[in-house]
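**Q** The following feature annotations were taken from Swiss-Prot:
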- 756: active site, charge relay system (ACT_SITE)
- 974: active site, nucleophile (ACT_SITE)
- 1032: active site, charge relay system (ACT_SITE)
- 927: substrate binding site (BINDING)
- 61-326: region 'Six-bladed beta propeller' (REGION)
- 338-686: region 'Seven-bladed beta propeller' (REGION)
- 692-762: region 'C-1' (REGION)
- 771-864: region 'PDZ-like' (REGION)
- 865-1068: region 'C-2' (REGION)
- 975: site 'Transition state stabilizer' (SITE)
């Protein structure tokens, strides 16, 4: 269907659409439209009685093609977030899905009448996914796994597909294969355990493990690199089949050979081996872009490369690029309005103006009336670090990391000085000078009038991110990183003189001047007062941050006023003896993160609640208090605050809350129950954020490229980085959706050939995903009774939230063997999980194992992962206890973040007293706490403390037993790599398993693109004295390699755990 883009015609009704040659009917009138070469729309004269200009569009165009599949002469692929089907006979693509979400990885059924595919949903950070089938133009959902990590591997028959998913596994890296009936949705798990792809032809089964598509890490050679296993006896036994020095993916059986993609020779190409894994051949010779996502019908092969689809015929040894022209309206590429609050990340106030940044665009307005005006460039921009100058103009940073002044009159003055990546900006009160810091750890002062820049200071340890101006605009203060974990407060003059105020032995931050120039306020973590940990034998510092002030002149502290002498109004800064004029506030320590001095002796203190970090997700909101320097009292000012800022004269405060922007005078106590001006509410409906995706996507790609150039840890390794941008920019004209942009960005990031190059999108312009409720159990359909029989109930820890099956809740108490007949009054036929979508509670009609009828109300789980994980851990722990007769304990560490820290101590407390420990870091997702855990394991038991009554206590307290055995695998990475290496290095015990992931170039997560997409750059490369940089893109070899073969899963064997138990018992 031809789509017309009408400029300015935003309100109209199309009463009919009819095609007669080139005659189209709109608003009951006929219009003749001219075409050039039968493809390009070239004009229209009149529309509904008015004249409009039509943008020239293409009826057929080159698009971005992904995930091809082939069945005879039919090709399926995805583009424009939909599935398309074309015949090789006429090459006319037909869209067969519309608007479901992001459709990916289609597979054509043997008859060619059905196509199964994945649908991904990502809306405002919420994500999900499942499998659909389209037949006769109708799409229907056939699985309810609720996981984005689900995809179709292929068809078994006309009625059954194989789906790869992480459903009901303890880790997202652990995916298995399910057989799914597309007619009734019933599922059956295949017994081959962890895999990432599977191909079946008669008795030959080829299984792929490891990565199948890794665009963001080209040249990957670590422990998770793809490899192939083969069975020639229908799955009874398997042998490792193909393992090269690079990634191996997408196996396909064509005649008597197995084809696959690999980049072991530098670039992803098509290869094959015979059924014995010999006679390796290369069939393509691409050198620029990778071959990806290959598929075959057993005769010919298709794959994608740089947005094109190629067809390879093994019999003819011929390669053809398919010339596909897509008739698409590119709906998701059309301009749109977005919510200003959802994408607002900066807001400042000064004088009579408020300025804010939303979706990278700058808007200026008066607080209470008048319009909002967009300043600077309108589209394809990202401004940041804005400040309002005294005349109402706005200064900030543009895409090129240049300071810019955006005039109210629409002008834009670029300050053409190279400061590298500008991290923070602060304008002086007189609007004539700018303090700025950069990614080179430098602090600069720039004078606007004379265009002069001066380097003030440079750290060797970290970014300089906090600074403030004295009201006379001659002095300024900043927090200076002095060491790895220490920071001092420095005072500097614009002429370059610098004085350190505080000693470099604590962590001092958030400097802020009193608006009258008498004091400098700051926060410091210096008063270390430990508290007992409530769980483990340890002490910690939970509330250590205290506000301080520096008396800048020769007068009394406000906390020590003389009886009959008024304080001086002298605003001169006296340097001599200033380090002795640092005074703490007479209040208790708290978790303060920001202090700001305001007019009339008001001081604002912002803090975050001390709470568990393990389950903390989304935005964090804090508590804002105000301290009155006159009456020496502190009170709550506002709660649930995202951030705040003061005007330049510090008389007004601007609050960013979860769903509103509010402005108050610092002397007025806010009334959050009122609306409008009384409640300080800024009317943001005046701000219209209009986005042209095509221009925005180009800006996003360029920023991603530039951030990598600025922050990648080794400048020499990116010496050819300038050539990378045009290589991927040329693909932008072909993409139509935000998902396709992600693919291009990730391919570009992969050119670093380094770990931790991530792009995590926030929104793919899809419907919001609906959760699929969980019952914490496994089922099989009972044909005779027409109900779902419970075959397993996952048992976790009933005292922990989300770690107990709701079928075992009080009053419910269902058991294995009970059969669910109805759910909410509907027959529980088809897929049982289809009855649980978007449900909080359900009513189950049950036939118990002894034949009785029972009705129960069940509160479903929103996420079963925690329960499945706890079940897996407890099963392993019980197994270790049983096999060792209680002599060995078991600990699993799922990551090196908050959950991993908690899991370690949760298990260590109950296991450390045993004679030995099995320490399992398989599937460890990394983080930063490996050193804290290793400290505990390094504390070895050397004796016992004997009480009069009770058992002897290991000494030192909570010390580790002498015998430790570690288990690691290819899915242990990042800080999991480091833990595995140091376990060996410190000779804590034997490490067994498989080579680890191999990604140890760390990141500093702090950058988001204009649409809230998170991107990272590898910034810190780990170099160990033994292996140098050798862990990156290789991993850590265990002392003893132990595989878990697919047939081990068939026979329910964990050979790695068995080996660890055996080795530990031998050492005992």
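Cβ from N, Cα, C; glycine included.
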**Q** On the 0 to 100 scale, where does the mean pLDDT of the region 'C-1' (692-762) fall?
**A** 97
**Q** So, taking each listed stretch (338-686, 771-864, 865-1068) in turn and counting its Cβ pairs to the region 'Six-bladed beta propeller' (61-326) that are under 8 angstroms, which one gives the highest count?
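**A** Stretch with the highest Cβ contact count: 865-1068.
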**Q** How far is it from residue 1032 (active site, charge relay system) to the residue listed as 'active site, nucleophile', counting Cα to Cα, in Å?
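**A** Residue 1032 (active site, charge relay system) and the residue listed as 'active site, nucleophile' have their Cα atoms 9 Å apart.
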**Q** If you measure from the C-alpha of residue 756 (active site, charge relay system), which of the recorded positions 927, 974, 975 fall inside 10 Å?
**A** 974
**Q** Tell me the Cβ contacts of the residue listed as 'substrate binding site' under 8 Å, same chain only and six or more apart in sequence, or just say none.
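**A** Set apart from the residue listed as 'substrate binding site' by at least 6 residues yet with Cβ under 8 Å, we have 895, 896, 897, 900, 974, 975.
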**Q** Check the DSSP secondary structure of residue 756 (active site, charge relay system), expressed as helix, strand or coil.
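**A** In the DSSP reduction, residue 756 (active site, charge relay system) maps to coil.
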**Q** List nothing but the one residue from 975, 1032 whose Cβ has the fewest other Cβ atoms within 10 Å; the candidates are the recorded positions.
**A** 1032
**Q** If H, G and I count as helix, E and B as strand, and all else as coil, what does DSSP give for residue 1032 (active site, charge relay system)?
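**A** For residue 1032 (active site, charge relay system) - judged by DSSP and reduced to three states - the answer is coil.
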**Q** Give me the count of other Cβ atoms within 10 A of the Cβ belonging to the residue listed as 'active site, nucleophile'.
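**A** So the number of other Cβ atoms within 10 Å of the residue listed as 'active site, nucleophile' is 26.
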**Q** List the helix, strand and coil residue totals of the region 'C-1' (692-762) as derived from DSSP.
**A** 50 helix, 2 strand, 19 coil
